[in-house]
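Residues or ranges marked as active site in Swiss-Prot (evidence: sequence analysis): Asp11, Asp130.
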Amino acid sequence: MLKKRIIPCLDVKDGRVVKGINFVNLTDVGDPVDASKAYYEAGCDELVFLDITATHEERDTTIEMVRRVAEQVFIPFTVGGGIRTVEDMKRMLQAGADKVAVNSSALANPQLLADCAEKFGSQCVVLAVDAKKEADGSWHVYLAGGRKDSGRELLDWVQEAVGLGAGEILLTSMDKDGTKSGFDLPMLEAVSQVVSVPIIASGGAGSSQHILEVFEKTAATGALAASIFHYGQVSISETKKAMQAAGLEVRI
């Protein structure tokens, strides 16, 4: 059985962490290596870096950041944002990323998933999906940070993507994102019914109870959050103790 994973998410731009992190022991809150080490020491299981760097020219700073993190942090980490080609993924993996996440580029060109999985293995290929509930009760996949409806139905898209080679799904609920009201349990459960790959739940975490709940009530194997960890509102070690007490498989 897969151990349940707690996964902080860090937004990076120009090789620096943005959306401040309020760790008292950080000398440089914007340094991804410092932030990663602090999370590693706090007991997180994995990390996700979302690169919001706009232009291709600035990619080199991201590659350098990945290299620095890989040298000093010894837990798996995923990098997403701006990955459009097999070559983009290759550069991230060669720099030391364990997995690479693709979102809008996979929607625009689903063959990218198959090409990357064939070259590097499905275990490296993460499908990131932003989804929102529609009036008819279905969920649609959204683009542009949840502002544009792709027209794709969520359950259809995840099945197609896994069939092409995605080895994991990072599933963000745009309805829940930023609300701190808990994860979107019905959506997570619906997706887990149609695919067999690991699912990381994202969007809505506001407390350690929400993390416990998503693991007890859905098949998600990872819980991703940003601000509750960045600002020290939730202790990773305390959450893990609560998970262990609830009988969940967890790395302490």
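Cβ atoms here come from the backbone N, Cα and C positions, even for glycine.
Asp130 (active site): 25 other CB atoms within 10 A of its CB, across all protein chains. Counting Cβ atoms from all protein chains shown, Asp11 (active site) has 16 others lying within 10 Å of its own Cβ. The two recorded residues Asp130 (active site) and Asp11 (active site) have their Cα atoms spaced 16 Å from each other.
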